[in-house]
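Per TrEMBL, the feature domain 'Guanylate kinase-like' maps to 5-184. Positions annotated as ATP binding site by TrEMBL: Gly12, Phe13, Ser14, Gly15, Ala16, Gly17, Lys18, Gly19.
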Amino acid sequence: MKNKGILTVISGFSGAGKGTLMKRLLERYPEEYALSVSVTTRQPRQGEVDGASYFFITKERFQEMIAGDELIEYACYVDNYYGTPKEYVEKKLAEGKNVLLEIELQGAMKVKAARPDTVLLFVTPPDADTLRERLIGRGTETMEVIEKRLARAAQEALGMDSYDYLVVNDDLEECTENVHSILLSEHFRKERNADLIQHIKTDVQKFVKGA
Ligand code: ADP
Ligand code: 5GP
């Protein structure tokens, strides 16, 4: 009997390495993870492919998706809307894959409230200067946008306590293994094994004399 997958939220400051970490996790364990692709109203960055990084949609289509209850959650982040389509997530969880949602704090809280069995991970670089270096090093935003995102990091840090796990992304390989270990352990929680517990309880009854 295959366990249902675990809905896993990965949040963290812009530039913390969330995208890099998820890519590595999928490369190492392709059978165990699925990545949810969000919809967004922001413009694609250079090299971003529609349907891979995001589904890039208009504000009108975004409103339609909200009205049609097609999103698990959505939020506004630095002037743009972002949301998680429901259908793909449900399908992959049923297939037994851990589904990764890379979403920000407001979205993470909404998912946890709606589905308390979600695992919330907060990814951080070892320190603030490393964060700045990574954002600049990525070279995908103007200095103005980088400053806005760094300012937002101070606000986001206030929400770190609301997560289940804190993951430091210093060495990428070590960080990837740490996240995988967390999810391996989560699969053993009694709450996720109610059927198996019931099955074993019933099965051992056969040894009870006179039963
Ligand atoms: P996020 O998705 O959190 O915004 P990215 O995955 O785009 O962040 O990473 C930001 C930059 O930092 C990228 O240029 C990436 O190559 C680099 N990076 C990510 N993780 C590490 C790491 N462990 N060590 C060094 N550089 C990293
Ligand atoms: P970026 O513009 O850098 O791709 O993403 C900006 C922020 O939006 C990041 O913190 C990212 O985690 C978040 N984000 C991406 N997709 C979603 C989503 O579907 N829902 C929510 N709530 N946040 C998202």
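Every residue number used here counts from 1 along the chain in the order it is shown.
Cβ coordinates are placed from backbone N, Cα and C, and glycine is handled just like the others.
Cβ atoms within 8 Å of the centroid of the Cβ atoms of Gly12, Phe13, Ser14, Gly15, Ala16, Gly17, Lys18, Gly19 (the ATP site) belong to the same-chain residues Val123, Pro125, Leu131, Arg134, Asn169, site residues excluded.
There are 24 other Cβ atoms within 10 Å of the Cβ belonging to Phe13 (ATP binding site).
On the 0 to 100 pLDDT scale, the model's mean across the domain 'Guanylate kinase-like' (5-184) is 95. Residues near Gly15 (ATP binding site) in space but far in sequence (CB under 8 A, at least 6 apart, same chain), listed by position: Pro125, Leu131, Arg132, Arg134, Leu135, Arg138, Arg149. Around Gly19 (ATP binding site), taking its Cβ as the centre, 15 other Cβ atoms fall within 10 Å, counting all chains. Among the binding-site residues Phe13, Ser14, Gly17, Gly19, the residues whose Cβ sits under 6 Å from any atom of ligand 2 are Ser14.
Mapped onto three states, the DSSP output places Phe13 (ATP binding site) in coil. Take the CB of Lys18 (ATP binding site) and look out to 10 A: across all protein chains shown you find 21 other CB atoms.
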